[in-house]
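Feature annotation from TrEMBL assigns transmembrane segment to A:28-44, A:50-73, A:94-115, A:121-141, A:148-170, A:176-197, A:218-238, A:244-262, A:283-300.
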Amino acid sequence: MTDTSFETQVQQGDAGFGDFFALLKPRVMSLVVFTAFVGLLAAPQPVHPFIGFVAILFIALGGGASGALNMWWDADIDRIMKRTRGRPIPAGRVTEGEALGFGAFLSVLSVVMLWLATNWVAAAILAFTIFFYVAIYTMWLKRSTPQNIVIGGAAGAFPPMIGWAVATGGISTESILMFTLIFMWTPPHFWALALFMKSDYHEAKVPMLTVTHGRKATRAHILIYTLLLAPIALGLSVTSIGGPVYLAVAVVLNLLFLKGAVDIWRRDEAQAEADGYRTEKKVFGLSLMYLFGHFGAILVESTLRVYGLGGW
Amino acid sequence: MALKVEHELHHRRLGRNVGLALVLLAFVALVFGLTLVKTKRGDFNTQPPAASAEEGN
């Protein structure tokens with residue numbers, strides 16, 4: 001028995017509270033909370049503040065539960081990649097069985113509680129989101145296609161739809177457009193990161209576009225998705241949740257994002273390496289501002305509407 | 001002399017147990033609050049829908 005295996009045995013089953021919290025992927029949860037919150041507030045029907053709070057909490061918990069199930073399934077590749085080696089399972093602080101039980105229990109709890117607190121439509125979309133992230137993305141697409149991030153991105157796009165469903169009990173053009181905005185934003189956002197993060201997906205045999213199709217093709221993909229994203233972002237401005245503030249923000253951010261995508265497309269690896277991937281890093285930062293800017297503008301419009309302003 | 005066993009493992013166990021206790025307490029408070037709100041709003045009202053609608057107006 002080596003020292004390492006001894007240490008692992010001592011640690012297993014004695015995880016701290018923070019280790020279980022880490023299984024919920026708290027950083028991903030912040031995006032879920034923000035977009036679900038905007039979806040909920042942008043909806044035409046008001047929601048009781050406490051019910052709104054409970055709904056957001058269980059939407060976040062459902063997202064976290066799917067993160068725990070993702071870590072359970074991906075424990076083998078998490079052990080290989082440097083970025084994920086410190087996660088609770090590969091580090092030996094939480095067993096795979098514990099993560100599975102934890103994730104499965106919280107998945108059921110979050111869906112049932114969301115149903116009891118709000119309505120079955122919101123709960124059904126949350127259940128589908130968890131299923132999509134765990135079964136479709138994690139178990140199937142992630143290791144089988146370089147388009148994994150494209151289709152898998154849908155899981156991260158559902159929260160504003162759930163927030164909207166909490167308030168209205170249904171699905172509408174607005175909620176579908178909010179979904180599409182995140183869905184189309186995910187690939188350029190992630191691929192910009194993939195260009196400058198020299199990750200070890202290759203060792204873990206995860207087919208990323210940068211590895212399977214090369215960096216030139218990835219640059220072209222970023223441009224194509226950014227071009228497709230712009231009309232969706234601008235289209236939201238003419239719906240009931242849009243308005244002049246949203247339109248102004250969308251025009252500025254889309255012009256900046258398009259310029260960034262064109263800059264990335266024009267560059268080659270030699271140029272990028274020469275300046276330490278400055279443009280790619282800038283566009284990645286901009287992509288974060290892009291999403292928060294759009295959803296922030298929707299939030300501003302809905303707040304203005306309360307005072308009889310906002311909208312067209 | 002009392003035997004004092006202090007190990008990082010015990011800290012983790014304590015943290016986990018205290019954390020779980022707080023989460024359970026928060027969950028109880030949450031369900032209680034939800035029940036209060038829903039009861040006050042009339043979500044569990046057994047009156048016919050028409051009568052409820054008139055009251056709401």
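Every residue gets a Cβ built from N, Cα and C, even glycine.
Keep in mind that TrEMBL annotations are predicted by a computer and have not been checked by a curator.
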Close approaches to the transmembrane segment (A:218-238) from elsewhere in its chain (Cβ under 8 angstroms; 6 or more beyond its ends): 174, 177-178, 180-181, 184-185, 187-188, 191-192, 194-195, 209-210, 246-247, 250-251, 253-254, 257-258, 260-262, 264-265, 267, 283, 294, 298, 312
Range from A:50-73, A:94-115, A:148-170, A:176-197, A:283-300 with most C-beta pairs under 8 A to the transmembrane segment (A:121-141): A:148-170
When counting Cβ pairs under 8 Å to the transmembrane segment (A:244-262), the leader among A:28-44, A:50-73, A:176-197, A:283-300: A:283-300
Folded-back contacts onto the transmembrane segment (A:176-197), same chain, C-beta under 8 angstroms, at least six residues removed: 35, 38-39, 42, 149-150, 153-154, 156-158, 160-161, 164, 208-210, 215, 218-219, 221-222, 225-226, 228-229, 232-233, 235-236, 239, 241, 257, 261, 264, 272, 277, 280-281, 283-284, 287-288, 290-291, 294-295, 298
Same-chain residues near the transmembrane segment (A:50-73), Cβ under 8 Å, at least 6 residues beyond its ends: 23-26, 28-29, 32-33, 36-37, 40, 87-89, 96, 99-100, 102-107, 109-111, 113-114, 117-118, 122, 126-127, 129-130, 133-134, 138-139, 155, 159, 162-163, 166
